[in-house]
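As recorded in TrEMBL:
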type    : residues                                               : note
DOMAIN  : B:5-184                                                : domain 'Guanylate kinase-like'
BINDING : B:G12, B:P13, B:S14, B:G15, B:V16, B:G17, B:K18, B:G19 : ATP binding site
There are 2 protein chains.
Amino acid sequence: MKEKGLLIVLSGPSGVGKGTVRKEIFAQPDTAFEYSISMTTRSPRAGEVNGVDYFFKTREEFEELIRQDKLLEYAEFVGNYYGTPVDYVRETLDRGKDVFLEIEVQGARQVREKFPDGLFIFLVPPSLSELKNRIVTRGTETEDIINNRMSAAKEEIEMMNLYDYVVENDQIDLACERIKSIVVAEHCRRERVEPKYKKMLEVE
Amino acid sequence: MKEKGLLIVLSGPSGVGKGTVRKEIFAQPDTAFEYSISMTTRSPRAGEVNGVDYFFKTREEFEELIRQDKLLEYAEFVGNYYGTPVDYVRETLDRGKDVFLEIEVQGARQVREKFPDGLFIFLVPPSLSELKNRIVTRGTETEDIINNRMSAAKEEIEMMNLYDYVVENDQIDLACERIKSIVVAEHCRRERVEPKYKKMLEVE
């Protein structure tokens, strides 16, 4: 009676520090989930290793994978494709291991459609919760700056809608701890655990 | 903009070790929630201190509190009343602190009615997940023993229904860690966090 792994999706507005948090999580020896390495058509930077940092592909290879529906999600940024190979994700989940994706918000939206019961975590900048303070000090800011901040904040808050959890990235170690706690807690959710016990009773 | 505390309810079948787990949680220095001390009409045992282990009351005092609706939940066991004073719970939650109750399953049912958005955690004996093994070895057991185990397990699984989380008490320290992770995760749930951010935007 093998339980399937959880699909954990970490996303958030660009610049919030998703990559830093993800690296810290996987630097910790007690992290029990597996990182799904992204695929990209951009060139490797100095020190980047194929199959560690990314799977580096040509544009033709990538577009062939799109055609074959082999990508869980993908997007194009500044002329390069980025995506998540679906086979690795499915195989790892089937082995009962949790899989961790760190992706952009538009990618997260695609994943939600395919894995509605995934675990979606939205990382927010601490600036969002300081919004009130910043509004209070409005006397010292121009109208334009305030309006920009307000509309950026509104967009970020609207993005949250898709997610199960919101984690503030005020301190990297705290953010990592919260994310790992969320994974532990999700494994204890009654909706996930109860069917397992009910199945046990059916045996024989 | 003070956020209300969470009401955390730990319960489970009798003999599962709720008290031991609760004591271990509150022995840990980083535990950030407050323990709601129960009230009882039974006599203090050697070493028990009023206001630490229990609030010790006479039967008349207890029944007066029942009449005044001052108990969040109560029950009678072997001729003694046990209950949770409601004022302490409400005041602590209003101060923004999480409150932790460790109570029997019938009490948890009463609390669920009054605090539907509380955090209900069901502690299960590890024996429950070993059920399959025990059934497999049925050849060595009498029919009666097997039937008793099966019906006990069925009852325990049916009790889960009311709860948000199920924690296995296979090891006290692991059970404590899971419970604390659940509390951390619940504070990050989007449904709890999003309104706070939305309110910020409304300010001014």
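In case you wondered, yes, glycine gets a Cβ from its N, Cα and C as well.
Automated prediction, rather than curation, is the source of TrEMBL annotations.
Taking the features listed in TrEMBL, we show where each one sits on the structure.
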residue : record           : Cβ neighbours (10 Å)
B:G12   : ATP binding site : 26
B:P13   : ATP binding site : 18
B:S14   : ATP binding site : 8
B:G15   : ATP binding site : 7
B:V16   : ATP binding site : 23
B:G17   : ATP binding site : 16
B:K18   : ATP binding site : 22
B:G19   : ATP binding site : 10
Q. Helix, strand or coil: which one is B:G19 (ATP binding site) in, per DSSP?
A. helix
Q: Over the domain 'Guanylate kinase-like' (B:5-184), work out the mean pLDDT and round it to an integer.
A: 90
**Q.** Neighbours of B:G12, B:P13, B:S14, B:G15, B:V16, B:G17, B:K18, B:G19 excl. site residues, C-beta within 8 Å of centre, ATP
**A.** B:L123, B:P125, B:N169
